[in-house]
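J.: Right, I'll just put the structure down here and ask away after.
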Amino acid sequence: MIVSKTTQCYHCGDEVSHTAYEADGHAFCCLGCQSVYQILSSSNMQQYYRYNTHPGKKKTEASVRYEYLDEAAIADKLIDFKNDEISVATFYIPSIHCSSCIWLLEHLYKLHPAIVMSQSDFLKKQVNIRFKHTELTLRGLVELLVDIGYEPKITLQDVIKEGRKFSQKGLIAKIAVAGFCFGNSMMLSFPEYFGMGAFEARYSEFFGWMNLGFALPVLLYSGRDYFRSAWQSLRRKELNLDVPLAIGIAVLFVRTAWEVLSTSGPGFADTLCGLVFFLLVGRWIQERTYHHLSFERDYRSYFPIAVTRLGEGGAKPVPLADIRVGDRLLIRNNEIVPADAILLNGQAAIDFSFVTGESDPVRKVLGEIIYAGGRQTGEAIELEVVKAVSQSYLTRLWNNEAFKPYERNFRTFSNTVSRYFTVTLLGIACSVLAYWFLAGDGVRAWGAFTAVLIIACPCALALSSPFTLSAALSIFDKNRLYIKNTAAIEQLATIDCLVFDKTGTISSPSASRMRFEGSLLPHEWEMVRAVCKNSSHPLSRELVKWAGEGSSESLSLSEYREIAGKGIEAIVSDYRIRVGSASYTGAPGNEKGSRVYVSIDGEVKGCFLVAQPWRQNLGLVLGELAKECRLHLISGDNDKEKAQLCSIFPPQADLLFGRLPIEKMEYIQSLQAKGHRVCMFGDGLNDAGALKQANLGVAVSDDINNFSPGCDAILDGRSFVKLPRFFRFAKDVVKVIHMSFGISLAYNLIGLSFAVTGTMSPLFAAVLMPLSTVTIIGFTTVATHLYARKNQLIKS
Amino acid sequence: MGVIFFLIGCSVFIALIFLAAFFWANKTGQHDDTYTPSVRILFDDEVEEAGSTPTERSEAS
């Protein structure tokens, strides 16, 4: 029987290699996909498959146990609201990706009558579910979601909800008020600008009062942040850009009030409102963040919420925070060791890949200490906690250094310029004041003094950085480099030293290459394939994919056994086949490296070697990067791949192996002490300290929704090739900022030349201010896109 | 021309109503999710007919 190669799984779109799974004439790649389809079709929800073809996602991770959700203490923390009948809970579901997902998650009531309503938020990848907790427990609800392929990500961080709510609502309200006042005061100022007859003077007075009324909320409500910020910066004995802005706003208001009260002129109310409005829009653009990416996830999002504690009353899930020293814990296959503990019972094979980057499980003997963060592979083990969760190795590593705010260790260009700008501006204003006083014209002196402060108010200057950087940010975003904030782009441009981690960073976990050493006859190949097909272990799946070709004639399989952490065994047409580790198959080899041995009837036939798969064009990328930066590789792994890496890295690069996380951090510190500006590329918690220490920490990840530790940017693994272009573009962006500063300074000089003579009219200010703003916005947007095109980051 | 005071008063009053409406919308979170509603509105209404399966209906439409 030949299966056409183009058959795709009806649910997830993966290629179907054999037709064992079928329902209603649709083919499925695995049991998981088929069962999701059957659940949906039994509730008459095939519509899910109509909005998009293959909307599902294959279940990749081993299932988690959700008993802990039955614990009231834990469940209550996850539930947003609860009354006698109804509970409301919000889940973060990373697999939301298309309109079918929205449809399915909003029609959950069809699957279970206890679900009253569910609403999804696509951008935040959240679903809010209202359900009757008398009929459906929280655990039941979560398991239902898991069953249909939408596994919610429930982590410790969801339970300890702190400092996660970031809202721009206050700022938007301020923009609305400023915009409202801007529009109205501009309308009321038009008659004045176009000229009014003498008989219309009473209108002029009325318009003036109205304008003053509109300026008041802008000054007191919309613009108050600028005064606060200016005051704070003065107290720190610094001069940021908000100081001249605050002075400008204050002077504008005082002069407007004076002119209106003394009926000596129309005032500058529209300029004041417009200024604050544009400034706030700039600030809003600067503060926009990605909802779908969370840079603030820390080690807690990696830890489980609860662990199984063994007590007098048997095994019982308890919240992580309640774990005390001396508690006995039961850790099952695929569960994480939450605290440093001693092994009491069982075969421990701990996968520390998240902590050290080493992918091979580490075996531990009874009585040995197991550090927190490892994932048990194999049978359930019993542990005794020796250190509280907050004191363990991982947590200490994370808390090693206080979070670094940008303001502390990085001066943005606009910060640097603003110091000189403010001093110069005040100098000019005062000398103008002195000049006209000495000339004996007191009225003109004050007029010129205020005019200088008004016209030189660095509105365009304040906007040039945020607009350029946010345009750049969206270009990086499109190229799958997600940068935390705008300041990090300026940081990116200054980097002269790159440090790479190995596993997961320059090697890609998804594109592994396999090699077979030994000899297998064609029919033996078939048998190995048939055995591996039954296993859900990632290596088995890899093996089946790699061995892919061949007839799919089904061989009879019996006595199938899978021993977690060791291997699989089955009898296929009277041969006993074992696939697994060296000790399991009886091979003499060592356990180093990712090797999968095959034995048939006890005779070792050879082994599969899983080679470290380097990212595409790695050598090319590194070669190009080496032209401008020094390269370093620092790995927690042993040096078994040193020779290979030496040939990929340029000769002047430093390669270091077998480093502890803390040593990585110290290495970066020593580079910084030499005056280098370091960018660290890494993934995994073991890099967290180094990523935070570096001037710019970039987490390289193939799943951007994964935990990304203490980083300033997240790079999707697929865009690794674009790295040299990213660096060049960042430098160009800074160039654009410099140019736009030049343009806005030119506008300021033109304005000043009128202002110093004391002849500036309100109309002139009202035209010049928006004109310079629009020029800057237009210039930065166009220039940034041109540079992006030059660097081939957007298609022309 | 005294009517102009009344007209300006009216227009500012109406504008204030809109401003208040915006505040209300902002406060009740209507701008929180700017994408999902645009998808949601395109979902077909549920037609609970025994005889017609979704595939048949899609062919008919």
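We number each residue from 1, going along the chain as drawn.
Positions of Cβ are set from backbone N, Cα and C atoms, glycine also.
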J.: Under TrEMBL, the annotation transmembrane segment belongs to which of these stretches: A:74-95, A:206-227?
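T.: Transmembrane segment, as annotated by TrEMBL, spans A:206-227.
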J.: State, in range form, which of A:206-227, A:239-258, A:264-285, A:420-439, A:445-476 has the highest count of Cβ pairs under 8 Å to the transmembrane segment (A:763-788).
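T.: Stretch with the highest Cβ contact count: A:445-476.
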J.: List the helix, strand and coil residue totals of the domain 'Putative metal-binding' (A:8-80) as derived from DSSP.
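T.: Secondary-structure breakdown of the domain 'Putative metal-binding' (A:8-80): 27 helix, 10 strand, 36 coil.
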J.: Averaged over the domain 'Putative metal-binding' (A:8-80), what pLDDT does the prediction give?
T.: 78
J.: May I ask you to check whether the transmembrane segment (A:171-194) and the transmembrane segment (A:264-285) make contact, with contact taken as at least three Cβ pairs under 8 Å and only pairs 6 or more apart in sequence counted?
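T.: Between the transmembrane segment (A:264-285) and the transmembrane segment (A:171-194), which are separate recorded stretches, there is contact, as judged by 3 or more close Cβ pairs.
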J.: Sort the residues of the domain 'P-type ATPase A' (A:304-398) into helix, strand and coil with DSSP and give the three counts.
T.: 16 helix, 38 strand, 41 coil
J.: When you scan the chain for residues with a C-beta under 8 Å from the transmembrane segment (A:264-285), skipping those not six or more beyond its ends, what do you find?
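T.: Distant Cβ neighbours of the transmembrane segment (A:264-285) are 168, 171-172, 174-175, 178-179, 181-182, 185-186, 188-189, 192, 204, 207-208, 211-212, 214-215, 218-219, 222-223, 226, 245, 248-249, 252-253, 255-258, 454, 457, 459, 462-463, 466-467, 470, 762, 765-766, 769-770, 773.
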